[in-house]
């Protein structure tokens, strides 16, 4: 009844609702859901579950906060800017060593309880009996971290290779133990990891097939770890046994000492301190022995190659260039020049010169540069890789080998991108490197080293060459010392902007000559228009005349040098010899004597070296006379023993003319300000990319490509010591008439372009003499004439000895005093009237 009553009431209610809504269709009544009362026990369980979930969430949140805080603190410590990457790497290695000690104590000696017992139990659960070798593996990884440089490119390959070897070893250990099933037995075999690797293979393929598969996996991991391909394995094994690699002990014996071996064909030095990851490499020969390919940047050990033969750029028959290996500082001071000196003159001791530090090896900065270059090649999808590195004192040359079908232009077109990647502008490319199938990319070193002149002069090959005109140049990019013979150049053109190292080279050249030659062997003419560069050498016994500072006297000295050359050629022609060396030998032996009735006494001719510190000043003053004299000397003076060294900081076409370039075959270019200057001095680009401070390109006679070198440096104290040693032994014997201008007997009168206006010329003379100021601009202002006419007026006054020669932008020296003005004007008028009588 109750249910029916409820149903009726429900129907009544629904019908009322339908009527009120205006709905004619009746609906089925919805029975109400009965309320069910849950038992008390189930309600308590729900409350407990909710509380547990809440506690779990709270614990999880607390754990995440703690973990993030600890991780952030650890990362902040690891990324601290004041901790260098090398120190962080050492910290990880030391932590691994500590872990190896704990694992060894717990697994070998059952010590370090209670933590040791827990560590041993956990490790045996996962890797089983392999826990015995785990401390050795951890210690080996720590040693590798401490002794190698980090390399992000090789890290994935090394990790994958080591993982494959470890898993394959555990799987084989599981199979060797009979594939145990129970956890207790697996703890004595290969643990859970061995069971997870070897179990499915043995169940699905049987142990006879699973074992070879695991062995192949371990072999592939070994190939990844060493960076070797399968086809290279026979060559690697053959090279190991052929060279006795297993019987030799490669160590860092050259860290503190550097051997000097000038024997042709001697092996290069082994700089084994520049490693990437776990890779080891020495020279090219050692790379072939160990068989690691050089197709990937990460698999290359960047090294200091020390070749034993010159580059093909310096060929036989060209200017003699010696390449030498470094020497220790102790040997410099104990050796003397290996040749006999006639007479009482003694050459200055090499102990007066300072020696340099041992050469630096490649560093982490070089690895970073190589990685940056490789990254640029990868970004632009160029099939090429950095395969080698040669560190010099100033720059490092990275060798890039191209893939099949890749044009060299693709590399050279990326020069600016590479410069951007390595954060420098002075990137020079050498395509290709002489004697190698590779493109060279030369990048400046961040830690450049100084090259001392003493190191170059005391090198074995320099000492074995007893010629008195051998000079020390510096050290090339491969770390070899370079010296050259001026007699074989036979003339040298040096150019470079301010601060490029040109003056340092001139000083090194002069000190080289002073320490290797006597005044009877070499005489010098020093022309210094700057008046300060060559002043320290004033009074040395090798000088023919005092140091020349006036351009007019310099031109006269060059003319005298031409006459001296002609005189020597006449003597050689009369003696039927072709070179001054042969003439001197015959004079010493008595084969050449003066004819009967002649009072002349034949003596050996010394070499004459004329050094012009600034050619531009001479070409501005007397271009025609200077150029004619230089061209005649450079064309003919080689056999006469006369040599020129022309230096300028403005190698423009009006200074270094075509005739001068044609007859001066050897060039030395330091940093220039523009590409045009580089092409003027070298006939090719390159000098504009040099970084200054002695960085130069040496192009000897007969070479097609220049050699990059760091010029030798010498201090003012060393120069003073050597010059003093020379002055104390002899006084200079000057030759008369060297700087005296030759008079032709002709007289230059008033220029016809002036219009024979004597009044203008007389006014100009009166202005200059009365003011004692010989300036062309003053004549322009006072006389209101043009620049050309004022210049001709000044030249006319110079021909009449009223003013001195031009000194560039300075005012000319007035030679006539103010009280002599009247007599000078009368003399000019008298000469003009005499000339004017012939007119009409």
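Backbone N, Cα and C atoms are what each Cβ position is placed from, and that goes for glycine too.
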Of the ranges 1-42, 43-84, which one does Swiss-Prot flag as region 'Disordered'?
1-42
Which chain-mates of residue 501 (ATP binding site) that are at least 6 residues away have a CB under 8 A from its CB, listed by sequence?
670, 671, 692, 693, 694, 695, 696, 711
Those same-chain residues, other than 499, 500, 501, 502, 503, 504, found with Cβ within 8 Å of the centroid of the ATP-site Cβ atoms are 496, 498, 505, 670, 692, 693, 694, 711
Quiz question: given the binding-site residues 500, 503, 504, which has the greatest number of C-beta atoms lying within 10 angstroms of its own C-beta?
500
Quick check on the binding-site residues 499, 502: which one has the highest count of other Cβ atoms within 10 Å of its Cβ?
502
Suppose you look only at the domain 'FtsK' (479-679); what would the mean pLDDT be?
89
